Amino acid sequence: MDKLNIRDILRAQDVTRWQIVRTKKQSVAEHTFAVQAVLMRLVPLLISTYTAPMKVGFEERLLCECIMGAFWHDIPEVITGDIASPVKRLIRDGGDITPLDDLEKKVDPAFIKCYTAAKPLTLAIIKCADLMEMVYHLNEYGDQRANSHSWRVQHGINNAFHEHIHNCSENFPAFKWDVAHGLLIEMLDPSQETDIDSIVNGI
């Protein structure tokens with residue numbers, strides 16, 4: 001197989017992620033949608049802090065690139081399934097190009113065009129949203145008992161998120177990346193959920 005067809009892509013709604021989360025199974029499609037939802041908020045927030053001269057259409061183009069890249073970023077999992085991060089690291093310790101990388105490249109040319117060949121800024125923003133969504137999902141549905149495996153993974157991802165934000169601040173200083181911290185705090189706060197009564201009554 002050298003290209004995914006539409007049936008393969010639609011299977012993303014049935015391929016499960018997160019082997020460590022037992023309370024609610026999350027499909028690749030659910031994760032993809034959630035990352036795109038985060039990007040819909042994150043990109044405008046980042047743009048609002050942009051200090052360099054901005055070309056016409058820059059915000060729309062960046063948002064489009066991020067949304068498209070996010071669509072493809074985990075699509076190879078419809079073929080490979082969920083591979084635990086330690087296993088991925090073990091495989092990739094073998095060299096620059098591994099069988100896993102080769103398989104992902106064969107999945108679909110669009111995967112290469114829209115994600116792996118995306119601009120560094122686009123990839124950085126997608127990774128930011130990806131980490132934020134993972135922290136959110138584990139916070140909502142993971143085992144919150146101290147030192148449980150899920151709890152340790154969540155804290156590890158949270159640390160990776162903060163490290164990524166630090167690196168983004170150094171590599172793309174025209175943006176104020178602290179807005180990502182604020183958005184993540186909002187995502188983790190149940191009180192931020194909209195109450196239907198407040199909509200109906202105009203509160």
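A Cβ is built for glycine as well, from the same backbone N, Cα and C atoms used for every other residue.
In Swiss-Prot, the Co(2+) 1 site is described by H73, D74, D130, and among H31, H181 the residue recorded at this site is H31. Each residue contributes its Cα atom, and for D74 (Co(2+) 1 binding site) and D82 (Co(2+) 2 binding site) those atoms are 9 Å apart.
By the criterion of other Cβ atoms within 10 Å of the residue's own Cβ, the least surrounded of the binding-site residues E77, D82, D130 is D82.
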